[in-house]
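For reference, TrEMBL has these:
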| type | residues | note |
| --- | --- | --- |
| TRANSMEM | 40-59 | transmembrane segment |
| TRANSMEM | 79-97 | transmembrane segment |
| TRANSMEM | 109-129 | transmembrane segment |
| TRANSMEM | 141-164 | transmembrane segment |
| TRANSMEM | 176-195 | transmembrane segment |
| TRANSMEM | 317-338 | transmembrane segment |
| DOMAIN | 323-605 | domain 'ABC transmembrane type-1' |
| TRANSMEM | 358-377 | transmembrane segment |
| TRANSMEM | 435-456 | transmembrane segment |
| TRANSMEM | 540-564 | transmembrane segment |
| DOMAIN | 637-861 | domain 'ABC transporter' |
| COMPBIAS | 891-901 | compositional bias 'Basic and acidic residues' |
| TRANSMEM | 933-954 | transmembrane segment |
| DOMAIN | 948-1226 | domain 'ABC transmembrane type-1' |
| TRANSMEM | 1064-1097 | transmembrane segment |
| TRANSMEM | 1175-1195 | transmembrane segment |
Amino acid sequence: MVVVVGSGSGVCNPVLGNWNWNETQSLGLQMSSLCLMNAAVAWLPSVYLWVISPFYFLYLRYNNKGYIRMSCLFKTKMVLGFTLVLLCFSNIIFTLWKIKKGIPQAPEFLINPTVWLITMILAIFLIHLERRRGIQSSGVLFIYWLLCSFSMAVTVSATVHQALQGGFPEDTFRHLITYFHSALIGAQFVLSFLADQPPFFSKIMHDSNPCPESGASFPSKVTFWWFSRLVWQGYRKPLEMDDLWSLGKENSSEEIISRLESEWKRICNETQQTKEEMGFERGGGNRAEPALPPETETFLQGHQSPRFPLLKAIWKVFNGTFLLGTLSLIVCDVFRFAVPKILSFFLEFISDPEAPAWKGYFYAVLLFLSACLQTLFEQRHMYVCMVLEIRLRTAVMGLVYRKVLALSNAMRKTAAVGEIINLVSVDVQRLMDAVLYLNGLWLPVIWIIICFTFLWQLLGPSALTAIAVFLILLPLNFIITKKRSCFQEEQMQHKDRRARLTDSILRNMKIIKFHGWEEAFMEKILTIRKGELQALKNSGFLFAVSLVSFHLSTFLVALVMFAVHALTDEKHVLDAEKAFVALTIINILNRAQAFLPFSINTIFQAWVSLARLAAFLHLEEVEPRAISTTPVGEESISVQDGTFAWSQENSPCLQRINLVVPRGSFFAVTGPVGSGKSSLLSAILGELTKLEGNVNIKGSVAYVPQEAWIQNASVEENVCFGQELNMPWLDRVLEACALPPDLASFPAGIHTEIGEQGINLSGGQKQRLSLARAVYKKAAIYLLDDPLAALDAHVGQHIFDRVIGPGGLLHGTTRILVTHAVHILPQADYIIMMADGAVVESGSYQELLQRNGPFTDFLGQSKQEEANASQEVKSSRNISESEASTNKTDSFIKDSPEKGRTTLQSRAEGTKMAGQLTEGDRVHYGRVNATLYLAYLRAVGMPICLSVVFLFLCQQMISSSRGYWLSLWADDPVVNGTQQHTGLRVGVFGLLGCLQAIGRFGSIAVVLLGGVQASQWLFQGLLREVSRSPMTFFEQTPIGNLLNRFSKETDAVDAVIPDKFKSFLGFLFGLLEVIVVVVVATPLAAVMVLPLMALYVGLQSLYVASSCQLRRLESASRSPIYSHISETFQGNAVIRAFQAQDQFIAQNDSRIDEHQRASFPRLVADRWLATNMELLGNVLIFAAAFFAVLSKPYLRPGIVGFSVSVALQVTEILHWAVRSWTDLENNIVSVERMRDYTRTPKEAPWTLSSNGVSHTWPVMGQIEFRGYSLRYRPELALALQNLTLKILPQEKVGIVGRTWAGKSSLSIGLLRLIEATEGGSDRWGEYQSKWAPCPEVQITIIPQDPILFPGSVRMNLDLLDEHSDDEIWGALEMVQLKTFILGLPGQLQYECLDQGDNLR
């Protein structure tokens, strides 16, 4: 309610009747006009509320958050509201009573209280409705009470002023009503800073640690002060994951991924692209390499992939949030362009010695308010966009993971784990970055148009020359950007090759260490890395040219405009208003032109990443409709005229398959190697592409693959595989699978953690664990792909009798067993004989013998091979016994107990903690140590560091000189309507600008060059430290932790840290320039500068302590996501067979949510810092303007314009200086993480010292162990205990024993993959140092697991390039592979995929 005291006549005075523009009194005291005050204070809040109410009602209708019970806060608001209604009503009654008594009253005295009465009733209704809809704090009503408070402040000042002039006795009632009414409005405004309790049915009430944003008040949300508690907590002690808030439903994987997935599927169905496999063109066609088969071309080379369906799906899901952020940015820009106009009025005031002082203070306040509103809307835009970024990351990562689960076997060959990790780390990150810069494609163009419009108004036709300069230089930058995108694509190709090879190396490190190939593989990775860094260097150089060209273009705009304006007409005077308002507009233009290349560059990168993601998401999936589950009588499985291939493009691998498997029967599938036995099981599972025929399965399926797939989980979790724990059944399954002796040797029994890919298990143990997983499922159908091949004979017989055979646990279920063990075939109900991808014979064992066909031939051949093997074993035994009898003192084994006997005690002492193998990603605490910066600077090099500081200092000094020179030009006296020395002013101004551009290019280029050098050094160090780590390190470290450092952290060191260093140094020297200029121009401003600097330092200290820890938590929580994706990629066939997709999707979503819990507080921390920093910076703007008004008589207009125009930049400079520093400190954590493994234990030196090895070494091939003991980890029992063994030169020795007897441990000890715990070994009679890289040593090993690395066939056979092609062909012929290799495209140069997935 607004009450204005008027004259007794009640006549409204003219609007400007009492306004004296020449007085220097307070503005509020001069507003005594009844009409002006009534219009300003009565109508503005009411109009606002009535205009916005319909939209707010609509919002409340569709956003019901629950029900809030009546709290004390609500009751207080309602009491105050009804009191205000009574005051308005009493004022109306008082006015009517006056009229009735015949006292004339102005219409405003009746209309204004009536309007306020109705508006106040609306406000009360909104308070009640918000409570019913669960709104804890209202932004709409906060703004309303804020406007009312401003109105009442003006009203009260006018009322007090009138009272002091004796008006109080004339209208006592209205005076009292005004004071009382103002107090109630103020109380409502204060209460609007508080938030109500959570809604009664809200999920927040049941959350142990909800995000405080939902319960924060509107002012707290706007300024992000709801985050302050976590900042303070992080300052007092390092933050941990338990300190972070729960993830809201709107940011959870369950909500976001499902929306994008459904939209993606809908769009794919509409465009009929679900079944279409993307065609990929090979990149780098100019290289002299052999032609590759189509299946080896990675999905990442597809430049013609359909981006638009994915882009459309993302837009459909997130367009509302993005448009909301865009609206905030547009409002921000309104206030951004208000600043130059206000500055123009301010400098006009400074130039006018007769202008009243209140105008200057008024303009200073307007500058401050405009800057504050610009800050709030800009930070709201940033917050909305960054929340959208993490939601986009969640959605796309979830989509990629679901695709991994559905990838067909053929398409798995076009992708590698390393490339998929690159997708979810690098490519998704670049897609996120595009969200913030997407508006940068069009908004800077609008800024440029507005800027040139303002310049035209200011300088007239001279602005046209600036447009010409800008248009001439603009194409150059687009050419640079286009060329840079080519270098970035080249860099990504190198990055993918490196990621593929790195992943393969890390997974097969045991094989590499067996052969001593570490240095050879390091050299291969570093060769790829060299090309990657060269592309990065080229891209960085062009980036520096692009930045400098944009800076030079803005300088040339100013130079040409000022020169043309001043030189074309002597009457054109360049005064302070024109010079520094134009300079302020040019600064906005500079920001637009700087924003534009960043945006274009980011969008180009995102466009490439979008193509890569779309290419992957369009890969062929397993066709779920290929297998029918319709019941077909008593048959469990039926295949009719089935023809199958690995992909649509490949020739069929199975032809004319007809198979009927009755329920409960036991089928055996046999045949020679490569006949299609495993392919038959894959076809039944739907893993192959069905070209013809029908496949029908009735009942649940369990699958045991030929190569066991083991999860990085406990034994119990591996066996149960997500099913409910049934302990009696679990014990039966483990006993039937012969696992109790192994469990007895494990430190924590069934709770023992198994490493990634079962790295701490033997081949037999992995296979039995895989079998136990299938048995535990209690499925109706079991598909067993030769699980007995990896087992000892007696263990295999036990498994067959207790599990698979007629008397086993699986009796009564349908079993199809692929096997080469002919001795178990008589117990099968039915036998299928396969050859060349077809069923050549089938029937019972007796039927097949009677036919005397291919099966009989195969049986005879197999028995002959077994007989030969038995004879060889028998001969070897006789020889060994003979030699043992003659050399009893030379070759003997003492006290070699089985491992199981030595570890029974460890199980009794074992706990779940003792069984833990892998370690989570380590998290450092506290602020980043200064030694970390020194380490990075040492990697950069001292000469480069000194050059950078010198160049930045020089270019900033030139910048200050250019601004000061312009102020002198603006203050040149006007003689006869002209300024003197204009030509000199223009020439020096242009020279200084060119020198600054040269200095800027040099500083940026040197920083980026130093970043490349540091990145190369740090990556080599990481690779070296990891390669020299012992095998226990790889058993205990999840591969996701290592991949995280080789992908995400390396990318941060490559690109982010140099850019942040460049930004920080630029803004730091810019900040020094601002402070010096403001303090020199207006020394009184130093009073404000020092406290502001103290507040800045305090905020920065609070922020960095929490932000660094959040960055560490975010990085650590990322590694489990990568490990899980990698694990799923390897075992997706098993997961699909067990129909466990939903279980694994839930696990992945949980890991992503955990990662987002750390990401969300980190982005809020950035906004908390930026908002409060900029608000403090706005105080400095106000101080510069305010003290300039105070010192007006002593200041020249030019120096004031220089000071205030520079001060207007302080908000942005201060914010970005601190932001760049904190971003640098956040990202320098990547250096910290890349150096994590410098302090981990390392294995023995790879090479023998040159002065200690004879050129004839080794003299003899003798091996001796003396009291040798070996332990895998300090907390585990001995794997080998007190072993004494002597092997004479040229002696053939066979090592036998049951599972876990120590056979593999002996070979590990022999090759020193693990150092001896006790005793020692003497190899070749002289040295114990690691042998592998010594060329004189001729030793090799054939490991249990066959491994192929990505690369040519020749590289896999002769990694060190020591043999000729003839020798390699001879070796291939001996193992009967020569014909197969000759049939491959390129033969020895044929490119193998990881694990040889494209070799069958």
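Cβ coordinates come from backbone N, Cα and C, glycine included.
Three or more CB pairs closer than 8 A are found between the transmembrane segment (109-129) and the transmembrane segment (40-59), so contact between the two stretches is assigned (pairs 6 or more residues apart). Tertiary proximity for the transmembrane segment (176-195) is limited to same-chain residues at least six positions away from its ends with a CB under 8 Å from its CB atoms, namely 1, 3, 5, 73, 76-77, 80-81, 83-84, 87, 90-91, 94, 136-138, 141-142, 145-146, 148-149, 152-153, 155-156, 159, 215-220. The listed stretches are 317-338, 358-377, 540-564; of these, 317-338 has the most Cβ pairs under 8 Å to the transmembrane segment (435-456).
Using a Cβ-Cβ cut-off under 8 Å and counting only residues 6 or more beyond its ends in the same chain, the transmembrane segment (317-338) has close neighbours at 256, 259-260, 263, 370-371, 373-374, 377-378, 380-381, 384-385, 387-388, 391-392, 395, 435, 438-439, 443, 446-447, 450, 454, 588. Sequence-distant neighbours of the transmembrane segment (358-377) (same chain, 6+ residues past either end, Cβ-Cβ under 8 Å): 23-27, 222-223, 328-329, 331-332, 335-336, 338-339, 342-343, 345-346, 349-350, 1171, 1174-1175, 1177-1179, 1181-1182, 1185-1186, 1188-1189, 1192, 1208, 1211. Regional average pLDDT for the domain 'ABC transporter' (637-861) in the model is 87.
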